[in-house]
Amino acid sequence: MKRSWPVIPASFFGMVLGLVGMGDCWRLAHKAWDMPEVIGLVVMLSAFVVWFVLLVLYVGKWIWARDEAIAEMRHPIQSCFVGLAGVATMLAAVAIGPQAHDLAVVLFVVGAIAQVAYGVYFTGGLWMGDRDLGTATPALYLPTVAANFVAAFVAGYLGFIAVGGLFLGAGLLSWLSLESIVSHRLSFHQTLALPLRPTLGIMLAPPAVGLIAYMFLTGGVEGAAPDLLSQVLLGYALVKLLLLLRLMPFILKQSFGASFWAFSFGVTALAFDAVLFVIRGETGYIQWVAGLLFLLANIVIAVLVIGTVRLLVAGRLVPAPLLAPVPVA
């Protein structure tokens with residue numbers, strides 16, 4: 001019998017990261033510039049709905065297409081994205097936090113446990129060795145760096161500061177240990193194959209999301225003016241953004257697909273950082289930088305949403321089943 005259940009890759013959860021990031025930007029824009037509050041509400045509601053639909057489809061994948069789900073977990077590159085299910089669940093908590101705090105706490109706990117479990121499983125496999133350096137793409141940051149930074153941010157957002165500090169430490173030191181590995185692979189190994197080039201967008205996320213986590217553990221929107229470490233992280237994130245802009249001709253040789261959502265979380269997180277700087281009293285350059293980054297984030301998300309809807313309508317959004325490894329060069 002022909003299977004009709006859509007078999008989505010775990011990387012689709014990246015859409016939730018970008019949408020929640022955009023919703024968060026609009027929440028802050030309401031505080032900083034009195035922008036319409038309803039836009040943030042609508043974006044967050046959309047993000048929550050997308051998360052729920054993707055979660056149902058992904059659970060269905062493990063029920064009706066278990067072989068493909070297992071193949072994804074064993075794939076040297078695609079396995080990096082599996083942990084996004086837990087990350088997206090934690091961000092779903094942020095989406096509904098103001099309206100349903102208790103449910104948000106439950107989602108955070110479930111997502112945090114899931115991301116820790118998968119991060120340990122994934123990294124344990126990584127430490128067993130026997131991997132080609134070509135598989136060390138920016139997606140390698142997702143199971144431990146992105147996951148723990150998000151856990152730290154959401155913990156701070158919900159008021160669990162001590163727990164958030166543990167996650168921040170896990171994410172920060174994981175990032176430092178992986179940064180040189182990924183940079184070495186990108187610089188001195190064979191060039192990334194076309195399908196993998198959009199993963200370069202992930203390079204922006206660690207400093208940008210790490211900064212959000214740090215700031216929400218040190219006062220959040222009510223905190224004092226950004227300190228030196230905050231400035232350091234923002235500076236590195238801005239450099240990463242400039243590098244990605246320089247690489248866009250290289251990346252855009254790959255035709256548009258859902259993989260381009262890899263840019264969404266880093267871009268929205270950087271805009272969030274800048275607007276949060278404004279709210280916390282930073283003056284000078286950040287005033288216009290925050291506006292430009294907020295505009296850029298809106299443009300990027302709009303392009304991603306429109307492109308994704310067009311692929312969905314055309315029946316080309318969901319990729320073919322994972323039958324063979326993605327080429328790395």
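Using the three backbone atoms N, Cα and C, a Cβ is placed for every residue, glycine included.
Feature annotations, reproduced from TrEMBL:
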- 6-26: transmembrane segment (TRANSMEM)
- 38-64: transmembrane segment (TRANSMEM)
- 76-96: transmembrane segment (TRANSMEM)
- 103-129: transmembrane segment (TRANSMEM)
- 149-178: transmembrane segment (TRANSMEM)
- 199-217: transmembrane segment (TRANSMEM)
- 229-248: transmembrane segment (TRANSMEM)
- 260-279: transmembrane segment (TRANSMEM)
- 285-313: transmembrane segment (TRANSMEM)
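Sequence-remote contacts of a segment are chain residues at least 6 beyond its ends whose Cβ falls under 8 Å from one of its Cβ atoms, and for the transmembrane segment (199-217) they are 137-139, 141-142, 145-146, 149-150, 152-153, 155-157, 161, 164-165, 167-168, 171-172, 175, 179, 182, 186, 192, 223, 226, 229-230, 233-234, 236-237, 240-241, 243-244, 247, 251, 259-260, 262-267, 269-270, 272-273, 276, 280.
Here the transmembrane segment (76-96) lies next to the transmembrane segment (149-178) in space: the count of CB pairs under 8 Å, restricted to residues six or more apart, reaches at least 3. For the transmembrane segment (229-248), the list of distant contacts is 200-201, 203-204, 207-208, 210-211, 214-215, 263, 266-267, 269-270, 273-274, 277, 289: same-chain residues at least six beyond its ends, Cβ to Cβ under 8 Å. Sequence-remote contacts of a segment are chain residues at least 6 beyond its ends whose Cβ falls under 8 Å from one of its Cβ atoms, and for the transmembrane segment (6-26) they are 35, 37, 39-40, 43-44, 46-47, 50-51, 54, 57-58, 61, 65, 68, 72, 78, 81-85, 87-88, 91-92, 94-95, 150, 258-259, 261-265, 267-269, 271-272, 275, 294, 297-298, 301, 304, 308, 318-319, 321-322.
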